[in-house]
Amino acid sequence: MRSGSDPAATVAGAGATVASAGSGTAGRACHGTSAITAADLLARARPRIGAREAALLLAEVLGWRRTELLTRDHEVLPPASVAEFDAWVARRAAGEPIAHLLGHREFFGLRLRVNAHVLIPRPETELLVEAALAWLAEPQQSARPEAPAVLDLGTGSGAIAIAIAAQAPTVRVVATDHSAEALAVARDNAQTHLPARPGGPIEFRQGDWYAALTREPSATVAGGAPTPQRFDMIVSNPPYIADGDPHLEQGDLRYEPQGALTDGADGLRALAAIIAGASDWLRDGGVLWLEHGYDQAAAVRALLDAQGFQAVASHRDLAGIERISGGRWHRAAASSSTSGAPPVTR
Ligand SMILES: C[S@@+](CC[C@H](N)C(=O)[O-])C[C@H]1O[C@@H](n2cnc3c(N)ncnc32)[C@H](O)[C@@H]1O
């Protein structure tokens, strides 16, 4: 589950007590404008939020590196910084995601801007990026004369598309979302991390899954590069939590867009829609990889098998959970295999 794997989500739960700013446990820190140090602030934050989170917040407030919290821990801090930190601690103790307070989250070595309109990128999604990069690095892909084209459906903050585009600079990347607000964040992140790349900028498009795409040349891409007619790879981390799942009422998930988390149905609706539409947009021999819930791998493999995908497989994340599933699309094989049973490797 998205909730269970986000360390920030587990620290301050829904029932955490909101302590008012300045109600600390460190003696000197209790007296308004008296000399307050980083060590004081971290000590009085600790009963309310985790030590790592307190350090992250204080470093951000002070504009210090984390190591400076140790080397400069007895410096007297400006009252404005003390007030700002205390306010953040109170909000974090009330349950706000730390990524929303900081305004960013690290993903695949990139600091991505996030806000309430996008899913906070999760560490387990890096597995999808790794699978995509491994496939792009295969000799068959690098030997082809044309740069491969990759499609990221439901890009949110742009995490997957930007990580792939940064690591594979010549690959053409198109990223979609139905949320205009999410696409604004993704575009901003792309500008920060990919100011100029040999494969051109990421092409962002708005709409419902494949309906966002067009087979007309796009006017949105600098230089007028035509939108790919078919993709070598489609990746997606769609909403896959079932409607009414209690996790939606817990931790960080309470602050994230519901439309990024749940499909409003059984958790498989968006996954099924993406699998069903993929053959119209994949080139022959192209691949589809999807992130899904901890208990959805078998169902996703069955959907891929039913659509005629070959070499259907799942990969486990660092926790040992089957987290992504995918397969290869071959037109001829799909049209000849009507009763299923394609070769499956797991
Ligand atoms: C789980 S989030 C993933 C965001 C990002 N790719 C990541 O991994 O951090 C799912 C994303 O799909 C988008 N989405 C949901 N339904 C959609 C639809 N019908 N068409 C296009 N995008 C959709 C949401 O707005 C959200 O940004």
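Any Cβ shown, glycine's included, is placed from N, Cα and C.
What TrEMBL says about a protein is an automatic prediction, not a curated fact.
As annotated by TrEMBL, domain 'Release factor glutamine methyltransferase N-terminal' applies to 38-103. Marked as domain 'Methyltransferase small' by TrEMBL: 147-244. Marked as S-adenosyl-L-methionine binding site by TrEMBL: Gly154, Thr155, Gly156, Ser157, Gly158, Asp177, Trp209, Asn237. According to TrEMBL, the feature substrate binding site maps to Asn237, Pro238, Pro239, Tyr240.
Positions of TrEMBL features highlighted on the structure.
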residue: Gly154; record: S-adenosyl-L-methionine binding site; DSSP class: coil
residue: Asp177; record: S-adenosyl-L-methionine binding site; DSSP class: strand
residue: Trp209; record: S-adenosyl-L-methionine binding site; DSSP class: helix
residue: Asn237; record: S-adenosyl-L-methionine binding site; DSSP class: coil
For Trp209 (S-adenosyl-L-methionine binding site) and Pro238 (substrate binding site), what Cα-Cα distance in Å is obtained after rounding to a whole number?
10
Pro238 (substrate binding site): which of the binding-site residues Gly154, Thr155, Gly156, Ser157, Gly158 is the nearest Cα neighbour?
Gly154
Starting from each candidate's C-beta and looking 10 angstroms out, tell me which of the binding-site residues Gly156, Pro239 has the most other C-beta atoms.
Gly156
Please list, in sequence order, every residue of the chain apart from Asn237, Pro238, Pro239, Tyr240 whose Cβ lies within 8 Å of the Cβ centroid of the substrate site.
Gly154, Ser236, Ile241, Ala260, Leu261, Asp263, Ala270, Leu271, Leu290, Glu291, His292
Greatest C-beta neighbour count within 10 angstroms, which of the binding-site residues Gly154, Gly158, Pro238:
Gly158
Using all protein chains in view, find how many other C-beta atoms are within 10 Å of the C-beta of Tyr240 (substrate binding site).
25
Calculate the distance in Å between the alpha carbons (Cα) of Ser157 (S-adenosyl-L-methionine binding site) and Tyr240 (substrate binding site), and round it to a whole number.
17
Pick out which of the binding-site residues Thr155, Ser157, Asn237 has the most other Cβ atoms within 10 Å of its own Cβ.
Thr155
Cα of Gly154 (S-adenosyl-L-methionine binding site) to Cα of Pro239 (substrate binding site): how many Å, rounded?
9
On the DSSP side of things, how many residues of the domain 'Methyltransferase small' (147-244) fall into helix, strand and coil, could you say?
30 helix, 22 strand, 46 coil
Check the binding-site residues Asp177, Trp209 for other C-beta atoms within 10 angstroms of each C-beta and report the one with the most.
Asp177
To the nearest whole angstrom, state the Cα distance for the pair Tyr240 (substrate binding site) and Gly158 (S-adenosyl-L-methionine binding site).
18
Rounded to an integer, what is the Cα-Cα distance in Å between Thr155 (S-adenosyl-L-methionine binding site) and Pro239 (substrate binding site)?
11
List the helix, strand and coil residue totals of the domain 'Release factor glutamine methyltransferase N-terminal' (38-103) as derived from DSSP.
44 helix, 1 strand, 21 coil
Pro239 (substrate binding site) versus Asp177 (S-adenosyl-L-methionine binding site) - Cα distance in angstrom:
12
